[in-house]
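Just below is one structure, and these are the notes that go with it.
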Amino acid sequence: MAAAAAAAAGDSDSWDADAFSVEDPVRKVGGGGTAGGDRWEGEDEDEDVKDNWDDDDDEKKEEAEVKPEVKISEKKKIAEKIKEKERQQKKRQEEIKKRLEEPEEPKVLTPEEQLADKLRLKKLQEESDLELAKETFGVNNTVYGIDAMNPSSRDDFTEFGKLLKDKITQYEKSLYYASFLEVLVRDVCISLEIDDLKKITNSLTVLCSEKQKQEKQSKAKKKKKGVVPGGGLKATMKDDLADYGGYDGGYVQDYEDFM
């Protein structure tokens, strides 16, 4: 019996040992082993990458929220520019209005000069309004020819004068051309000094004298052509008949005998 009990106790101890030995590998694998630790470390890195993606999304949202603020600031700048232009335009209009109501120089002007001065100031006001509208809406028209010129030197004004002359003289056949020039010259000379006006007047006087000489010479030539030597109408008729003498010489001879 003692032997059987000892054998049974031995079997029980061996079973416990086997059970303990089986649990050890499981504990080693499930514990802090190298392979298990590496796998979890990789998963931790994946979680870090996910956090970075969230950061990118947050940055994009922040940028999207910042952009409207920039647009608002730009609109404010544009509005301020427009207000400044309006203030300048209002100031110009007040100055022009003041000049229209009260002339700066206390001088006596003829009704024509007063009208020309008012028209000139009105034109300046219209040009100022147009310029303000262009600047407000960002209009930039490309112009050529006379409108594109901005003369400053003598050569520039010479070229400008040629283009202007070609532009105006193309209407010289019009019935209203002379009266148009009269008004134009007076309007463009209204702001000149007396000495400059005298120079222009002298130049026009010389031109008028030359035109008169040419007209007299032309009339003298016409009178010479109208004089018929040797008998007036009789000689003229004789010459006309002589033109037919080549075909039949009897016409001229019969005419002389008859006379």
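Placement of Cβ uses the backbone N, Cα and C atoms for every residue, glycine included.
In Swiss-Prot, the region 'Promotes stable association with the 40S ribosome' annotation falls on 244-259 of the listed ranges 132-147, 164-179, 244-259.
Set side by side, the modified residues T110, S128 differ in how many other CB atoms lie within 10 angstroms of their CB, and the most is found at S128. In this structure, T110 (phosphothreonine) belongs to neither helix nor strand by DSSP; it is coil.
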